[in-house]
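According to TrEMBL:
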{"type": "TRANSMEM", "residues": "26-45", "note": "transmembrane segment"}
{"type": "DOMAIN", "residues": "27-481", "note": "domain 'Major facilitator superfamily (MFS) profile'"}
{"type": "TRANSMEM", "residues": "65-83", "note": "transmembrane segment"}
{"type": "TRANSMEM", "residues": "95-114", "note": "transmembrane segment"}
{"type": "TRANSMEM", "residues": "120-141", "note": "transmembrane segment"}
{"type": "TRANSMEM", "residues": "153-176", "note": "transmembrane segment"}
{"type": "TRANSMEM", "residues": "182-203", "note": "transmembrane segment"}
{"type": "COMPBIAS", "residues": "243-255", "note": "compositional bias 'Polar residues'"}
{"type": "REGION", "residues": "243-283", "note": "region 'Disordered'"}
{"type": "COMPBIAS", "residues": "258-269", "note": "compositional bias 'Basic and acidic residues'"}
{"type": "COMPBIAS", "residues": "270-280", "note": "compositional bias 'Polar residues'"}
{"type": "TRANSMEM", "residues": "299-321", "note": "transmembrane segment"}
{"type": "TRANSMEM", "residues": "333-352", "note": "transmembrane segment"}
{"type": "TRANSMEM", "residues": "364-381", "note": "transmembrane segment"}
{"type": "TRANSMEM", "residues": "387-413", "note": "transmembrane segment"}
{"type": "TRANSMEM", "residues": "425-445", "note": "transmembrane segment"}
{"type": "TRANSMEM", "residues": "457-476", "note": "transmembrane segment"}
{"type": "REGION", "residues": "490-527", "note": "region 'Disordered'"}
Amino acid sequence: SKMTVKAVKMPCTSANVYTKVPDGGWGWTVAFAFFVVEALTYGIIKSFGVFFNDLMESFDETNSRISWIISICVFVQTFTAPLSTVLSNRFGHRLVVMAGGLLVSTGMVIASFARSVVDMYVTIGIVSGLGYCLSFLPTVTILSQYFDKRRSLVTAVASTGECFAVFSFAPAITALKEQIGWRYSMLSVGVLQLGITACGSLLRPIVIREQEKVKAQPPEESTETKYMLENEQTCTSIESIDSGVDITTSPSNVPGKTKAEPKSEEPKQHGQNPVENNSTPPEPKSKLLDFSVMRDYSFICYAFFGLFATLGFFAPSLYIIPLSRSLGISKDHSAYILSAMAIAEVFGRVFAGWVLNKKPIRKIYIELICVILLSVALVAFPFASGFWGLMICSVYFGFMLGTVAGTHIPLLAEDDVVGIERMSSAAGVYVFIQSLAGLAGPPLAGVLVDTTKNYSSAFYSCAAGMVLGAVFLALVRPCKTGLCHHQQQQQQQVEESTAGPPPELPDDFIDMDIGKAENSGKGSDSV
């Protein structure tokens, strides 16, 4: 049967209705929108460092106080993830992403007129941070709904938008600053981020509605044959067409009536749906935020994986240049190392999507292998010496980071974690838990560096967090299978306890009915 699609008018939007997950169609437009949203959110966040020196000079502030702008922004972005889920379930992904784009652009434009670093905390940290949350999470959620077999590959490729943005935005903004200054450059970035609103308008909702199958009615059978078949199937009286519940009121027991009209409910008794009944029961309202995922042991383990793994995501990008400078590598060569890491991350994302797209494959185990290899990369950094040593470690880390960073959120849609039905709520809770590590991770690494006077301690701490994340990730599948089996056993026990013993029928049940039929026949002949 061919897949059908039609547009159904809904309030303020129109939905794509499919009979099954399309794995394409309008999903390709949504994938392009996600690519642009990635570039205008995480791409801008990672490129914001080009403004650091200008902000330090303009506001006469230290590097640490300026760095809090992005720290607050990232924390607000992840901390408000449940709010994004609630709004998406209430108003739809399209309106939420469009509103998020307006917030992102407004915060960046107002920040270009800021007079102190505190103004930056409010505009970029809070306003734009909230906009980043409302823009990114609903986009990746609806993209996962448009794809099934190709979900991992499409999501990984589309997520490379932030990597390409780092290449293009950083040198472009630097060149623009030399021409018009940092304030007008930041204003231009804010205007450019209005593109998120345009991308949000492309996120048409998707509805999966199974195609109704109507069976052809069998040809008319004689009444006697129909009653005999009914007697064999239901063990009821041959003189009753209502399953022998009340023989005395059966139409066939009325004197002088030789044929009984079949009831309208008869197709339901034989497992057929009546064709004329087109009304469908109203669908139950979905919860704005389904906290039932917190009772799922597999999701709890996966959330702890995200919590500890986030500690290992930031260290190289923050400390690779200071580490290389401490080893005597020039500033230009240090920038080359960071660029090589970003290039490798692109290939890692694409490779992970290609591997996870293979069937059959247990995706959670592939993710576990990538996390373990990423832990090895973090441990290898302190042992690197010289330019080429750090270059090899950076390329290796960037590749493995791409395999994990581009797939850990879409994996929530897999049945091993929560499934596609609860992904929206699970993603909000998952990213919210990640925010705790995102806020505490950089200060923790900074304290270790200040205490030990060695940048290697930051990489060791991140490696330890990644190893703990791998342990919890390894427990996801066992918790899922063990929990499911436990629930099935409990359900069987409840059913056995509530169900009473089957009703006992007398041995001469059919003989009694036949005798009644013969007596009624003799009575009618005598009349």
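Cβ from N, Cα, C; glycine included.
A quick note: this is a predicted structure, and the numbers were derived from the prediction, not measured.
If one looks beyond the transmembrane segment (120-141) by at least 6 residues along the same chain, the residues whose Cβ comes under 8 Å of a Cβ in the stretch are 30, 33-34, 37-38, 40-42, 45, 55, 68-78, 80-81, 83-85, 87-88, 93, 96-97, 99-108, 110-111, 114, 155, 159, 196, 199-200, 203, 409-410, 423-424, 427-428, 431. The stretches the transmembrane segment (153-176) and the transmembrane segment (457-476) are not in mutual contact, being linked by fewer than three Cβ pairs under 8 Å (pairs 6 or more apart in sequence). Predicted-model confidence for the domain 'Major facilitator superfamily (MFS) profile' (27-481) is 78, expressed as mean pLDDT. Here the transmembrane segment (182-203) lies next to the transmembrane segment (26-45) in space: the count of CB pairs under 8 Å, restricted to residues six or more apart, reaches at least 3. Counting same-chain residues at least six beyond the ends of the transmembrane segment (26-45), those with a Cβ under 8 angstroms from any Cβ of the stretch are 16, 70, 73-74, 97, 104, 108, 132, 135-136, 139-140, 142-143, 146-147, 154-155, 157-166, 169, 189, 192-193, 195-196, 199-200, 202-204, 206. Long-range contacts of the transmembrane segment (457-476) within its own chain (CB-CB distance under 8 A, at least 6 residues past either end) are made by residues 298, 301-302, 304-312, 314-316, 318-319, 323, 364, 367-368, 371-372, 374-375, 378-379, 381-382, 416-417, 437, 441, 444-446, 448-449, 451.
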